[in-house]
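Enquirer: Structure in structure tokens, see below.
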């Protein structure tokens, strides 16, 4: 096998090693993914719990406080956290491919470069936008107090944003090295601390500060999680890919990274915004429909964590083999990824369909809400079959470094198929909130078919050539 990224230590090949990964096999890959899955699933579920705890804490303060916190976190997620998650997807390609090519120090350099890019975007435009977002929010919500309180919370959350971006990039730094439990251990410590902080800063009769305390607790938890990831690298594992802080190299060659990062942002934001539009449309059908939509979105987000964890494991593995390069192994892992997507889709469908009423009752005691949500979750269960396949196919594209294709497919599927069909079903065919989800199923079905086709029909020789072209030499 010819090695295109020659692993030699020289000025031209920064941080290279002589080792090249051994040949792959079905058994080896299944064992690798099985070992990776547990930590990844726990990591994503624990991360999901951080904001869930915050919402729960604010909900205990009252309906108005819950509305303010929900609007603030929704704004923060769409304009900030989703942006960070999208930008960091470029590291799924860069870090895993560099590690597979036997150039571990490049993993640390790419981490620094992406972090610097995200820090610049945070300073401008994100911080000014969060600081003065009240004027814009007043155009979208009827209550001036709601907009003002939301702006106040976002100003506090600004402090926590750098902690979140460090954690998000840190996960990629460790995952590229096959260290999947770093995030698990960090969150296993920070989530209980977050719960304690909410008790002290939100509920406690003496130290509680209400909504202010909730925002402070979340910001502190972001920083605590990032600090724990740093300590894991220093004292346990991960230092082998750190060649020291090198701002000179981190401040150059941004263009190749942005070429993958910006499509990653589009992929993530397209889905976030589509669900927000569905929530706004659901409000047209009354409070029961809106509550059912909220339950459907939350349950869907929870079920998303498992296939996404699988896609991260496969994406990292594919990136390694592209970096080696070992095309037969990369192709094998891609096929196994799609098979796992089909299996998870069927499993998620069965669990969600059979447990739909029990899940709805967790969120509400209102019989009408439970009945509507239970029917809605039947459609959400069908959506799982397509969505799991879509998630793993998107992971393949990230491993290949082809985020641009995913961004085009997401924009087309959500905004040319899903939302128009949702409007037709919900308003013209009078299916109301159920119609919104039927439209979503149509869009996600098209998206999954398109991404599977692109992932499987990719020219692996060109993918490897592009990988060599975009990396530092």
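Positions of Cβ are set from backbone N, Cα and C atoms, glycine also.
All annotation found in TrEMBL is predicted automatically rather than curated by experts.
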Enquirer: Kindly point out the range from 274-294, 295-315, 358-378 that TrEMBL annotates with transmembrane segment.
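Expert: Range annotated as transmembrane segment by TrEMBL: 295-315.
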Enquirer: According to TrEMBL, which of these ranges is transmembrane segment: 389-408, 409-428?
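Expert: Comparing 389-408, 409-428 with TrEMBL, transmembrane segment matches 409-428.
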Enquirer: Considering only Cβ pairs under 8 Å, which range in 30-54, 66-84, 295-315, 409-428 makes the most contacts with the transmembrane segment (105-132)?
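Expert: Counting Cβ pairs under 8 Å, the winner is 66-84.
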Enquirer: Quick check: do the transmembrane segment (179-202) and the transmembrane segment (214-236) share at least 3 Cβ pairs under 8 Å, counting only pairs 6+ apart in sequence?
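Expert: Contact between the transmembrane segment (214-236) and the transmembrane segment (179-202): present, because at least 3 Cβ pairs are under 8 Å.
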Enquirer: With pairs closer than 6 in sequence left out, are the transmembrane segment (30-54) and the transmembrane segment (214-236) joined by 3 or more CB pairs under 8 Å?
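Expert: They are in contact.
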